[in-house]
Amino acid sequence: MAANIDLVEIRDFLVDLAKQAGELITSNTGKTSYDDKVNSVDLVTETDAAVEKLVATICAEKYPHFEFMGEESYVPGVTKLTDKPTFIVDPIDGTTNFIHSFPFSCTSLGFAINRHPVVGVVYNPFLNLMYAGIKGRGSFLNGTQKLPLREPPVGSKLTLQNALIGIEWGTQRSGVNFEVKTDTFKKLAAEDGNMVHGFRSLGSAAMNMCAVAAGQLDAYWEGGCYAWDVCAGWVILTEAGGRVVGGNPGIWEPAVDQRIYLAVRGGDGSEQFIEDFWDSIEGELEY
Ligand code: LIP
């Protein structure tokens, strides 16, 4: 069955669906209240659920034989990613941004076969950024701008010292992972550490991955997010010449639901960059 799936048709379907989701997101900005999930910084709104319902319904109507995995309908220990063709969806990635009207929320619509991301659409309706990619066919911004938008300066190698790196604090604010992250941030930033150019937190894994795909960030390190946060961005990044490896050392081919990732742009020095980044991690992330 997988061999007969028209990935261009799926991409076009998801782009159209992302626009519908975007309208629902922007029309509800500032209108919905929010609830806590695991703790007081893990937030969800009624709009997250409404967008997932819209996306799941339309996917099921058009592709009734495909599986669906979405952030809001996921049941820990019950929902399992299988080898079947599967839509992997975060209805609103960057929910905290959405609540605060910080314009970096998006809908993240991925499609995987045999657990490998093959189509990705990420749409930020506030800034009108539509990123889309198909495995083997490149990735583009707003249909025509081929990614990456920015190539590294000629002759320059990607190193930790010249990198702008995406990071997120995440929702765990104590324990091993919080220590590993904060100790690593300090080492990467410090004058007697790697002294990277800087960090940016866009508040959305999908937006961070698209920024790496565009060449605006050099890397993005994440521990704790889920397949729906990264599936779409994964295709967009790898089709722009970048790669996704494990966020702990030594994992060159992570699974899409591994939860610990390092996304790196393409270009000279990127493999050494990955090794150097892994060497700078203070401990090991756990999930
Ligand atoms: C969020 C991510 C963010 C990550 C958080 C969370 P949400 O997704 O995109 O980058 O650090 O752990 O998963 O909750 O806004 O869909």
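Counting begins at 1 with the first residue displayed.
Backbone N, Cα and C atoms are what each Cβ position is placed from, and that goes for glycine too.
Remember, TrEMBL labels are computer predictions, not curated facts.
In the three-state DSSP scheme, Glu71 (Mg(2+) 1 binding site) is classed as coil. Long-range Cβ neighbours of Glu71 (Mg(2+) 1 binding site) (same chain, at least 6 residues apart, Cβ-Cβ under 8 Å): Asp48, Glu52, Val89, Asp90, Pro91, Tyr226, Trp228, Asp229. The annotation Mg(2+) 1 binding site is assigned in TrEMBL to Glu71, Ile92, Asp229.
Counting every protein chain shown, 33 other Cβ atoms lie within 10 Å of the Cβ of Asp90 (Mg(2+) 2 binding site). According to TrEMBL, the Mg(2+) 2 binding site annotation covers Asp90, Asp93.
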